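Participant: Below you will find the structure I want to go over with you.
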Amino acid sequence: MSIPSILRKETLKKKDKNIDLQENNINDLVVSASRVIAPLWPISTFAAHHPWMGLEKQSFEQVANWLKEARNVDIYPSASMIHSAKAKGEIEESFLQIALSRWLDSQSFHMPRETAERFCQEALKLERLPSSLLSSPELNKLAEEINYVNTGSMKDSSMQPISSLIENQNGDNLSDILNYHIIKWCKLYLDDAGASWAMPNREKGFYRAWQHLITFDPSLSKTERKVLKDWPEDALIALTKALSELGISESNMQAYLEGHLLSLPGWAGMIRWRSQQSIEEQELLIEYLAVRLSMELAIVKPYLPLKNQKVEKKVSIVPLIASWIYWGDISIEKWLQMSAAEQSELLAFAYRFDENTRKKLWLEAWEQTHAEQLREKIASKQRATHDKKRVVAQLAFCIDVRSEPFRRHLEKLGPFETFGIAGFFGLPIATTELGSNDSHPSLPVILKPKHQIKELTDENECKSYEQRKMVGSSVRYTFKTMKQNVLTSMLLPEVSGPLLGLQMVTRSFVPRRVGGFIRNLRKNMLQKPDTTFSLNHVHDTNCEIPIGFTKEEKVNYVRQALKMVGLTEGFAPLVVMCGHSSQSTNNPYAAALECGACGGAAGGFNARVFATLCNLPEVREALSAEGIKIPDDTIFAAAEHKTTVDELEWIYVPELSETAQEAFDCIEAIMPNVSQHANRERLMQLPHFKTKIKNPSKEAHRFAEDWSEIRPEWGLARNASFIIGQRELTRDCDLEGRAFLHNYDWKQDESGDILANIIAGPGTVAQWINLQYYASTVAPHYYGSGNKTTQTVTAGLGVMQGNASDLLPGLPWQSVMQSDRETYHSPLRLLIVIQAPTKYIERLLNNNFTFREKVQNKWVRLASVDPEGRWKNW
């Protein structure tokens, strides 16, 4: 099967290759080709993303087949994962049979249905064909005799870089040599870690900086340097020239560029992300491709022109015949007795029912089993009757799956009501903490901040605090400078050895006590003063975005968030906005455990800002005029849910009313018990704990402080569903920490705008998280990041395996695997469940083309629960 570029522009017309391309044509081709890679955020602000976000106009199946053909990357679960899931009861056989029947109904074939079904049933066992059968002389002789049969499939190498088709005299593939050079130059240019010797001319851009140095690179041969000596100074011209001299026709250029981007998707993804951050680097992806293809030309030029550069071959029919012999019980003798038409029919059918198709049916059965189990769980709780108990406090948590067990235990142990909302609380802000000049976009990465909020305090207090911070910063700076200096680096071990040695021993043997001691020591030394926020609107010419909010904006953001979760009446005396954060030591992936809705940062800042806005008299008066009446004795507070230790840390508690104080005391009284239950449930899922845990909270703190711990928590592993509805829908349901939960009351959303906003914002973030975990599980060698213990943090950007690998884009092995042989994360596409009438879902799909496309192309699954409790799969 000839596989063209899946994003090839339909309007691209073939031209004579001697005609020069216009610059905008190359620009357009690079933009189109870039969709095969996803932007990669730096690991310090690790943002969940899924690697196929630019390919959603194609179906999941099309992309899976294309990746298998183009890169030999399999994005369906492996046979071992499927067998393990079936053994654990996660896949119902009946759903597999339904999926198979549906597939057979969609096919056209001229053989008895029973024959086709028998073949498929055996093939679905996912057993490998015996190597003895595939190498059998009789089978290969038969294949030669009937090789006239055309399955309609051709191999097309136009996607592959020319360097991948050539080996040098040492047997090294030239693409590996090219990748080695590109990795080296990317590390030099992108280094944000403050290397002592920065890349010269870096300010002129990647291509120009590379060009100034490349002719002095001793790792290149004299011939290779000569090719690049008089190379064009403009990146776009250089890229065009390289494509021309490599002999790439215009009709194949986009596919060729895609092949190069997919060769190092991590580094290319980081380049793409950087190109989106500033006007100065907006051409960075073109520069990257110019460097890469220029170097490829220099390396492969002695081998050009290639003979049979583009080779088309028929797919071998040996495995197709073998599959009918092994699974269809058709012997070689029977094959010889068939007519050519009968042989062709069998081979074409076996080709269509290939490994990807078989795994696709298994995945659909797995997902349908999960959906049915979730439906039954929700339905059983709906049938149960609940006594309406008095609520003394309401707590709003992030939709993060780690909040679900904590919320469940909290509601079970006390008179509380919980809500789910995106952890940035609808505030499109960039935050600046006290004593810092840097701001952090504290919102989902798909959005841009509109306001800057600064943490403020008394001027004298601020200066004193900054001085204390500077002491610690100076020590770190001095240590780093000595470490990077040629002379002082030899003295540093003598000076710091005793102290660091003591730290190593104590951190290793008593991590919880030492970690707590260091944390408290740092806190006592800094003595951070009480702070407020710059909430009032100020236009600062030094800031790209305004500081603070206008009165209308304050009211609008509070109203929007309260309506989004359906909290417009029945306010409890105490309403707590709970952001969340994680706590771990020596963990490059710390940001991956923070709040995804806050751009890989803790959510406490947003929670505190929102709670402060809710307590402002001017905001309450305006809301009251609109019908949202917050009682005078209702107080909003803010806290932070520490997901690694399942504790609630108060970060903003204003003066409380009498009833609010009672609610606060009630929360404080039961919180140790909630933490014990939540920690026990969570720790029992970790590989080390299969027996009873005496003190779960103590163990959780040890995990958080132990710098040798490679798995302080599971993060968002096993996430599988996103439930949008009232809390009554899932109250008392043990969702096993697998569901994102967002409150939604369709009765307060006549226009459907609230639902549309949930789908566009939190829904997209949840989908990205889900598919990142999915990709890191099914294809860890390509989309994951390998073993944590052998990773190298490089250039302040991300991790590599060793010092010359791709920049690894996904999650580490420890985030998704239970052991070397068994996965922990179940690779299922996200199931979005919406509690609303059918007409609401129909309107959503009709009005939101992007979401409809995701559902139709099976990037997400969709179900709904109507007001009568009826479940519908869409």
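Heads up, the Cβ atoms here are built off N, Cα and C, so glycines get one too.
Fair warning: this is a prediction, and the values are worked out from it, not measured in the lab.
Quick paste of what Swiss-Prot says about this protein:
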| type | residues | note |
| --- | --- | --- |
| BINDING | C398, D400, H580, C595 | Zn(2+) binding site |
Participant: Excluding C398, D400, H580, C595, which residues of the same chain place their Cβ within 8 Å of the centroid of the Cβ atoms of the recorded Zn(2+) site?
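Facilitator: Same chain, not in C398, D400, H580, C595, Cβ within 8 Å: F397, I399, R402, S403, G423, G579, S581, E594, G596, A597, C598, G603, H641, T643.
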Participant: Give the sequence-ordered list of residues that share a chain with C398 (Zn(2+) binding site), lie 6 or more positions from it, and have CB atoms under 8 Å from its CB.
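Facilitator: Once residues fewer than 6 apart are set aside, C398 (Zn(2+) binding site) is near G420, I421, A422, G423, C578, G579, H580, C595, A597, G603, H641.
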Participant: With Cβ-Cβ distance below 8 Å and at least 6 positions apart along the chain, what are the contacts of D400 (Zn(2+) binding site)? List them in sequence order.
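Facilitator: Within the chain, D400 (Zn(2+) binding site) has Cβ neighbours under 8 Å at G423, H580, C595, G596, A597, T643, L716, F740.
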Participant: Please classify the secondary structure at D400 (Zn(2+) binding site) using three-state DSSP.
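Facilitator: For D400 (Zn(2+) binding site) - judged by DSSP and reduced to three states - the answer is coil.
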Participant: Test of understanding: give the count of other CB atoms lying within 10 angstroms of the CB of H580 (Zn(2+) binding site).
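Facilitator: Looking across every protein chain shown, the total is 26.
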Participant: Specify the count of other C-beta atoms within 10 Å of the C-beta of C595 (Zn(2+) binding site).
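Facilitator: Counting Cβ neighbours of C595 (Zn(2+) binding site) within 10 Å gives 29.
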